[in-house]
Number of protein chains: 4
Amino acid sequence: MPKTIKKVGVLTSGGDSPGMNAAIRSVVRTCAYHNIECIGIYRGYQGMIEGDFKEMGPRSVNNIVNKGGTILKSARSVEFRTPEGRKKAHENLVKAGVDALVVIGGDGSFTGGLIFNSEFDFPIMGIPGTIDNDIFGTSFTLGYDTALNTVVDCIDKIRDTASSHNRLFFVEVMGRDAGHIALNAGIGAGAEEILIPEEDLGLDRLLDSLQKSKASGKSSSIVVIAEGDKIGKNVFELKDYVEANLPEYDVRVSVLGHMQRGGSPSCFDRVLASRLGVKAVESLIEGKSNYMVGLREDKVILTPLEQAIKGKSEIDRELLRVSDIMST
Amino acid sequence: MPKTIKKVGVLTSGGDSPGMNAAIRSVVRTCAYHNIECIGIYRGYQGMIEGDFKEMGPRSVNNIVNKGGTILKSARSVEFRTPEGRKKAHENLVKAGVDALVVIGGDGSFTGGLIFNSEFDFPIMGIPGTIDNDIFGTSFTLGYDTALNTVVDCIDKIRDTASSHNRLFFVEVMGRDAGHIALNAGIGAGAEEILIPEEDLGLDRLLDSLQKSKASGKSSSIVVIAEGDKIGKNVFELKDYVEANLPEYDVRVSVLGHMQRGGSPSCFDRVLASRLGVKAVESLIEGKSNYMVGLREDKVILTPLEQAIKGKSEIDRELLRVSDIMST
Amino acid sequence: MPKTIKKVGVLTSGGDSPGMNAAIRSVVRTCAYHNIECIGIYRGYQGMIEGDFKEMGPRSVNNIVNKGGTILKSARSVEFRTPEGRKKAHENLVKAGVDALVVIGGDGSFTGGLIFNSEFDFPIMGIPGTIDNDIFGTSFTLGYDTALNTVVDCIDKIRDTASSHNRLFFVEVMGRDAGHIALNAGIGAGAEEILIPEEDLGLDRLLDSLQKSKASGKSSSIVVIAEGDKIGKNVFELKDYVEANLPEYDVRVSVLGHMQRGGSPSCFDRVLASRLGVKAVESLIEGKSNYMVGLREDKVILTPLEQAIKGKSEIDRELLRVSDIMST
Amino acid sequence: MPKTIKKVGVLTSGGDSPGMNAAIRSVVRTCAYHNIECIGIYRGYQGMIEGDFKEMGPRSVNNIVNKGGTILKSARSVEFRTPEGRKKAHENLVKAGVDALVVIGGDGSFTGGLIFNSEFDFPIMGIPGTIDNDIFGTSFTLGYDTALNTVVDCIDKIRDTASSHNRLFFVEVMGRDAGHIALNAGIGAGAEEILIPEEDLGLDRLLDSLQKSKASGKSSSIVVIAEGDKIGKNVFELKDYVEANLPEYDVRVSVLGHMQRGGSPSCFDRVLASRLGVKAVESLIEGKSNYMVGLREDKVILTPLEQAIKGKSEIDRELLRVSDIMST
């Protein structure tokens, strides 16, 4: 029979993403609903080591469902990578009476949680929070949908000026290892070409596509490029390359940058956060540990953290074909 | 062997929804990609009867992926309900060389398409376009995700003033027969209570919930009410009822209305529209007819139109429980 | 020589408006900049009577410049209309060491402040905060610019559906006694006709204009109507009247309601709030009292509160002509 | 007595800005209102040389009041700098029966117009369209207010992530020669420091301010930097400099870029565009030439184009002080 959970700790870790606050709120209120106490841990694992805790009742999370960022703050913790750091963290949790942990973050945060669990047999549940959507076991990570909307809003604005001046724009979006944002926002924004880390389309194809595009009567074009595109050039090198090879083009570059991580979460992300928070807490109550909650095939499911970390969240290759057709 | 499709007609019918233009664009460009001609039919079935057609090449749909409404316009057609009307429509299609039809709309539009198909054996493919998400065979209709974001944006604004004045707001959202918008936007906006057509929670529960809410220290509350809520009172009657029974509350009403149908589509709706448009045209090319394309369990699938019309898009009852927990 | 001000109290009163938080922040930080203490008074004059105060240092207003509503909350106070109420309020201020007051609100709030000043010779400075822009002595009240953007965003969405269906929409916006919102947002949203409290254009003119509009080839139209329009019919009666007289029109109504008061303030409102807060505090330091700070002819100026209350913020009649020309 | 104007040409030139379409619409409809014909000239002066004209009636500008960019497109024209180019342009105008010109653009566009006028005595009226607000004779250029809102929206998002991670962000905004955007959006976004071309605050002050900021308990900060800041370092060099001198800071850079030029215009910009378009056309009708229309001290006024070009639109230095106080 599982140990009864009396107090849950919740933290956000790694890069922040829209929906983290909604997830914190959900964890806090689900605890209250089940008459469990809840404490917030500031600045991720670092705050766990420093004992930077705060009791959280249901009213402490009023009016945050729509706020970007994380009220619990996030930080990287070098100290948590050491056994001493984790020992200190565990002592703080025990002292505070915390007997289970909800970790909102990405792969790195889950890895830290798994090690912590293996050392202290401490119940852990993960909620995938990152705009990159690069976590196995969920079709949508918290913040991904919001980031897509932010990106298409930005590119819509860029398109206004691109089409007024008949220009070509290269827009760099987030995604070091995963092309989800580039691929979906690229289709959403009507990009001519999309360059992603998962697929090396080659420079020839890009030139070819731009030439065809001009020939077909398009007067302006947008190319969306993930940070970690496979083509091996950064966006400014790519601009130089294209201008050298297609002198008829005057290329402008826009790097969207950190704003992609912020903003009020979309309805989708808020509902997702609410659902995942409920599932995370109730799974802990049921005695489960070392799982990540996620949404797949329209259902909230559990995936072992180990799989979530090792697995790869593949892009939907059909979308590459859709993108191709859309740029006809 | 299926007849080769040479020219596809596309129309939008019923209430407009964000993403319809993105779907039109997808249909037009998928036709071009496969070297098929495409014509746009204005004002739905009425334009079919009047022969209000326009050739559409890939450049004719430039810069519409992000536009709300429908460039092909929409209308209700009484005449199309008559055999004579449909005969005229068929003659116009034949005259124009159109040999297959993509209908973007809701249940009513699909019913019209099915009858038309049964009379003239004319290939039909449906794309679900309505903000209400009330169509069987797809987890998301075109425009639904956008409408959710519009609603939560509005309620976020209302909450600013509600919490500044410690007031209770009743917000009416669209949904005559389906509570999808109310339920999801209600959770997303942090509503205290959500009233939907699928479930009669009873007036007592509402009063009870509002009383508990005040007791728990909440200083302001939002109740989200679908147009067609089961409780049998409209939003103004509900206000009177609550004020009569809970005199400590000063209730304000906001009816969000038609703006929920408009606006630039979310990234999700644009990508969905692009995918569904490709699938619709390619299914026609493969010789299929009388299906609706949709997205279920993260995959683009076909559902027989007949099922799509007869089936009911159930709300996820687990969300009622999530809503309950979130209003702790 | 003026008495040295050592502690300023700040409150928000009347209907809330976007930019009030930015003004609170400005008052608090201007005090800190000049080494003056500042206390926040909750719920307007009611909180003054109840002694609901809070010390506010510069860090207490972090991250509120972009938030709608008012963190100090607002309320109407019946008690403050009585000499006893005001006496209690004054005692609380004296006890707390407050020796000057910044009142953020509208006419009613300023009137209360003036009476309070006349009774206790207590220094008062007003900041005009209301979306209605109906205060004499400033070309822009706090929140007005934001409300205009909210209204045109809503009407842009409504226009999507209006033009998809070739429909006529009547959109009611805020403004009981002042047509500023209707007139400016109407022009901004491309309204066909605009009905305001300041001018009775007559029902004939409306019918005439709608008929001409149809004749000129417009397929859809928006009429913007201020709550307090002079025509003497509410928006639903107006719909009935137009449909009875122009049966070719199918009129839809949208009442935008309270969302107009909320939302993140525009840049203009944030800068305005910052400027007015500085001026209000520095004017108190200079020994001035009974003024309202405002922006006129691009400059921050002072207007005697008495004038601000009695004067009328006239609409720019040239805009009526601009609206007329724009609906050609 | 002035020559009667029978046909007005309108063009957009230079960098595009939100509100240009609203201004085109206003020019077209004001012409129609006064029974004057109007033609649109594509791609600025280049289209004038190429005779790329289009008749524009009042219905041709339906539904553009809310669109970013310019439907008439914009371009730089080397050829127009030559007497031959201008001669060709003049011949085209004469051939088309155009007898007056409205030029929507910035300094460079106005200079071209003045030369053209001096050579052919051709009536010219300018409308200031640029986001930079760097034109003498108007307190607001078209697009400036919209750009401010775009910038604060972006920085609000960046602040979410900045405050979640306790980070320092350097945000570069547009403004090569003018600090209007940086200064106003900086205040609006609550920036710690603002660097502009008009004022060399010095690197020491920046370091000093950041140190004080940390000491005062601020956990995150935003510094807004105009492209053409006077400090002589670009934003990336500045980052290196600060990190070298204040190792406790981990600086992130965001260059907002071209998106600042796009987007749906704010209500303010739409109304401004409408007013300026009316004034431009009616001034031509009255026989005036070589003026720019603008808004100063809440009034639409005329400024001789020569002054508009030579004059400098000064920043409001009081705002520097407000910014200082706000970052207390």
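Placement of Cβ uses the backbone N, Cα and C atoms for every residue, glycine included.
Please treat TrEMBL annotations as automatic predictions, because they have not gone through curation.
Per TrEMBL, the ADP site holds B:ARG25, B:SER26, B:VAL27, B:VAL28, B:ARG29, B:GLY190, B:ALA191, B:GLU192, B:LYS218, B:SER219, B:SER220; the candidate it also names there, chosen from B:ARG43, B:ARG159, B:ARG176, B:ARG205, is B:ARG159. TrEMBL annotates B:ARG76, B:SER77, B:GLY106, B:ASP107, B:GLY108, B:SER109 as ATP-binding residues; of B:GLY9, B:GLY15, B:GLY19, B:GLY175, the candidate listed for that same site is B:GLY15. Closest to B:GLY15 (ATP binding site) by Cα-Cα distance, out of the binding-site residues B:VAL27, B:MET174, B:ARG252, is B:MET174. Just so you know, the Cβ of B:ARG29 (ADP binding site) picks up 25 other Cβ atoms within 10 Å once every protein chain is counted. Taken over all pairs of the listed ATP-binding residues (B:GLY15, B:ARG76, B:SER77, B:GLY106, B:ASP107, B:GLY108, B:SER109), the Cα spread reaches a maximum of 14 Å, rounded to the nearest whole number.
In this structure, the binding-site residues B:ARG25, B:ARG76, B:ARG176, B:ARG252, B:ARG261 were compared by how many other Cβ atoms lie within 10 Å of their Cβ, and the smallest count belongs to B:ARG176. A separation of roughly 23 Å, to the nearest angstrom, links the Cα atoms of B:SER77 (ATP binding site) and B:VAL27 (ADP binding site). The distance from the Cα of B:ARG261 (substrate binding site) to the Cα of B:GLY106 (ATP binding site) comes to 14 Å. Ranking the binding-site residues B:GLY106, B:GLY108, B:GLY190 by how many other Cβ atoms lie within 10 angstroms of each Cβ puts B:GLY108 at the bottom. Applying an under-8 Å Cβ distance to chain C, the binding-site residues B:SER109, B:MET174, B:ARG176, B:ARG252, B:MET259, B:ARG261 reduce to B:ARG252, B:MET259, B:ARG261. In this structure, of the binding-site residues B:SER109, B:THR130, B:SER219, the smallest number of CB atoms within 10 A of the CB marks B:SER219.
Checking the binding-site residues B:ASP132, B:MET174, B:MET259, B:ARG261 against chain A with a Cβ-Cβ cut-off of under 8 Å leaves no residue at all. Across the fold, the C-alpha of B:SER109 (ATP binding site) and the C-alpha of B:ASP132 (substrate binding site) stand 14 Å from each other. Taking every protein chain shown into account, B:ASP107, B:MET259 are the binding-site residues, and of these the Cβ with the most other Cβ atoms within 10 Å belongs to B:MET259. According to its DSSP assignment, B:GLY106 (ATP binding site) is coil.
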